[in-house]
Amino acid sequence: MFRSAQHVIRRSAQAAPRLQQRNATAGGNSLLKSDEGPLSTSTYHKVNMLIMGLTPLAFALSPSIINLPVDLLLGLALPLHAHIGMSYVITDYVPKLSKGLMGPARVALLGLTGVTTVGLLKVNIMGEGMTETVKSLWRGKKAVEDRRK
């Protein structure tokens, strides 16, 4: 019995590196598969809570210089939240259409997330900021022109 226990331990020690290698390659590119893995759901919900806290804070602080860091955080959190959420949608619905579309759909989502992030950062850094831009949608045309003068 002792000999067989040593044999099992030796065999499992030999198999461990192969299992680790298989598990490492099975995950693929984590940037494209942002909805898979142990941290995806917790990250999604933490970012959701961050957005829920920052949104009223951004509108309360606007317009002020203190609002810039809040707008920058929102400019990063919103695309991340949307990216993970849409990854879940792609995982659920794209294979029903065609399994061959899974890769291109994820690459397109990554590109869209990148463009969205760059656009929001540009609005925050070079423009009035996200909060003031959204507020200008509810202001009258004359109020916006008066504010720019």
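Just so you know, glycine gets a Cβ as well, placed from its N, Cα and C.
Annotation comment: TrEMBL describes 1-34 as region 'Disordered'. The compositional bias 'Polar residues' feature in TrEMBL is assigned to 20-32. Residues or ranges marked as transmembrane segment in TrEMBL: 47-66, 107-127. Taken from TrEMBL, the feature heme b binding site applies to His81. Sequence annotations record features per position, and here TrEMBL assigns ubiquinone binding site to Tyr93.
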Under 8 Å by Cβ from the residue listed as 'ubiquinone binding site', counting only residues of that chain that are 6 or more apart: none
Secondary structure at His81 (heme b binding site), reduced by DSSP to three states: helix
His81 (heme b binding site), number of other Cβ atoms within 10 Å: 18
